[in-house]
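What TrEMBL says about this protein:
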DOMAIN    A:29-309  domain 'UvrD-like helicase ATP-binding'
BINDING   A:Ala50, A:Gly51, A:Ala52, A:Gly53, A:Thr54, A:Gly55, A:Lys56, A:Thr57  ATP binding site
DOMAIN    A:310-584  domain 'UvrD-like helicase C-terminal'
Amino acid sequence: MSSFDEMDAFEGASLSARAMQARPMPYLDTLNPAQREAVECLDGPVLMLAGAGTGKTKALTTRIVHLLSTGRARPNEILSVTFTNKAAREMKERVAGMLGQAVEGMPWLGTFHSICVKLLRRHAELAGLKSNFTILDTDDQIRLLKQLIQAAGIDDKRWPARMLAGIIDDWKNRALTPDKVPAGDASAYNNRGTEFYALYQTRLRELNAVDFGDLLLHMVTIFQNHPDVLEQYQRWFRYIMVDEYQDTNVAQYLWLRLLAGKHKNVCCVGDDDQSIYGWRGAEVGNILRFEKDFPGAMVVRLEQNYRSTGHILAAAAGVIRGNQGRLGKELWTDAGDGEKVRLIGHWDGEEEARWIGEEIESMQRGTRGQAPLGLDQMAILVRASHQMRAFEDRFLTIGLPYRVIGGPRFYERLEIRDAMAYFRVVVSPDDDLAFERIVNTPKRGLGDKAQQTIQTIARENGVPLVEGARLAVESGQIKGKGGGALRQLVEGIARWGRLAGDADTTHMELAEIILDESGYTTMWQNDKNPDSPGRLENLKELVKALESFENLQGFLEHVSLVMDNDKQDADEKVSIMTLHAAKGLEFPAVFLPGWEDGLFPSQRSMDESGLKGLEEERRLAYVGITRAEQICTISFAGNRRVFGQWQSQLPSRFIDELPEEHVEVLTPPGLYGGGYGAAAPGGGMGAEQVRSTIDEKVAQADGYNSPGWKRMQARAGQRGLSQPKESKHQVIDLTATSSFTLGERVFHQKFGYGAITGIEGDKLEVEFEKAGTKKVVARFVSATDDVPF
DNA sequence: ATGATGCGAATTTTT
DNA sequence: TTCGCATCAT
């Protein structure tokens, strides 16, 4: 992204709307009736309910083209908002493709955040900022909060900064400035949440910085308090479009409503069934309420699916039907039924991974009686990232190439953040957070004490830390080895800063000079860790990435908002990712492992959010199934190692919600398949125990009462579960409430054998034979007496 | 000031 | 089990 000035919309656009007006509109002929309706209805509020794989992006981009072609709007008068940079890029490319020319003139197509940065730079003073404010990422945010917490003399172990950051983010998502935090939230963070929130905002202003949440919140506040500014944009943005509307939070919603308030030419696109970000502030309510918010809104449903087979769509529909309060949508296809969704149970997680590995190989060879699939046409979608390990382990041993999508982002990596902190200090020497990060990286012998000294001097003189450091060295307050190193660093920063203004040095050369002279590169070269070479690689890549920018400053701006990880290397690999990361993607073959109650749906989600949480999990299941084009394979394991302990698992309640006529139950060798829950031969947990476990779970998931659940409950008694094959020490309790008795002999992974001498809720006091008496959580011990089967 | 040891916690993630 | 962080020992 280029700097604000270059992208100023108010200087007009390169595309001539009028010139296009006379052209025919062949693009309309490629749309189906629903899409066409959504595209042609340009004025007034429109809600486009676009199911998975129904050509949403096509409709959206065509609508932009249509607005331009009919001369309704010039490119710079259309505001189109997305959530991710990827989506924005994709839209730009497609619009450009359809127009047959670059879209230089679409300056207001971007993410909520990037658009807000542009607006806020323009009106920074209204938020008490200078227009060159810096954008803090999560890491900076937490470090800053930590400082505030520690300064207030609070034990940040008991009251972690991370927790406070979460609370503040939540408030910002709900568009609450410190003065507007409701009384009901006053107990947050040990009753001091609001206080710290206000403190944090003040500190940010002092630093001339904002966090991600502020970008939205500041603009909402400015629009609310400065009607003249708002009106200006209401006039400029004659047409507004929003992608993934079901993911908007309150702040984004208000922002949109303010901007669309005058003309109401707003087209929101989304799918309530794919709302899976409630936990980070998204409000499904926004999309459900659309017709109330915008009376007379036109609602268009895109229901013809171009992605999946009939069986897959029907299976997904069967699951999502269990949710209440949907806007309602049923996907259909004229592409045929295809193969049924496949369901298979496994003994344990390792076997599941093994089986999927073999299945992938046979699909790759085409042994399954159909066209061979490339590895990049297959994906494994898991609920939680820790599930990935089993697959990685397995695939490494059999040498199956795989790629994990959505790991730590490139710019979040340690070495990249360090390098960027160096750049930041050089570009703006008053960036204290960046200086703190690099002052002792690489190790310069500047520990807590030295850094304290720098802080004090800087504060006393009212200067940035770099300047404080310089003073500390000059006045001899930091001497010796550390002092020398610090002097070098300070002088380096000054020198690099001068080089930045030097026309003879390119910013890429400068970046290399900074990393070399600071000793940062050397630090990794000397590091013996096996991942150090990779880090050096990343640094090289970082410098390479600078190429497309005019200077370091522009690059930093870009990186704070953009820069994704998905450098797709050309090699064919199986993708492994979370269900969340899979939204918007599609694959011919999809594996959905780990469909077990507690894992998926996640116990935590249900505990924390009850029915709401369960429904979001169900939407996640829906998203998962609808990623598949041809083959969708769902699986579960009867036993799983959790935190080093074996646990018995019950098949997910979602499995019971799959319509039987669209499912094929596979019977793997060695397992007897009867009904959905393929059970282990011989043994298995006694019916009584199964039922008691279920009862506890029902009690926990308070309020859960779906028919599928009842069916499973009824069936569970007959089903029987498998037992771990390796350990004879069966874990008999899966829940918080312990079922141990005093005097019982137990085994603990770390402490060995012992006898229970006390029970307090889920905590046990155990007298271990070797380790002495300890208090332990019931989860971590297992009964040694074999469970009577 | 820095490396070693130990304890507690462990969905989901974009910007 | 593994990770991150904090305290401890050098």
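Here the Cβ of each residue, glycine as well, is placed from N, Cα and C on the backbone.
TrEMBL labels come from automatic prediction, so no person has curated them.
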A:Lys56 (ATP binding site), DSSP three-state class -> helix
Residues near A:Gly51 (ATP binding site) by Cβ (under 8 Å) yet at least 6 apart in sequence within the same chain, in sequence order, are A:Asp271, A:Asp273, A:Arg301, A:Leu302, A:Glu303, A:Asn305, A:Lys329, A:Leu331
In three-state DSSP terms, A:Gly51 (ATP binding site) is classed as coil
Cβ density check for A:Ala50 (ATP binding site), other Cβ within 10 Å (all protein chains) comes to 28
Around the recorded ATP site (A:Ala50, A:Gly51, A:Ala52, A:Gly53, A:Thr54, A:Gly55, A:Lys56, A:Thr57), other residues with Cβ within 8 Å of the Cβ centre, ordered by sequence, are A:Ala59, A:Asp271, A:Leu302, A:Asn305, A:Tyr306, A:Arg307
Taking all protein chains shown into account, the Cβ-based neighbour count within 10 Å for A:Lys56 (ATP binding site) is 22
Students should find that the Cβ of A:Thr57 (ATP binding site) has, within 10 Å, a number of other Cβ atoms equal to 17
CB contacts under 8 angstroms to A:Gly53 (ATP binding site), restricted to the same chain and 6+ apart in sequence, sorted by sequence, are A:Asn305, A:Tyr306, A:Arg307, A:Ser308, A:Leu331, A:Glu586, A:Thr626
Model confidence over the domain 'UvrD-like helicase ATP-binding' (A:29-309), as mean pLDDT, sits at 91
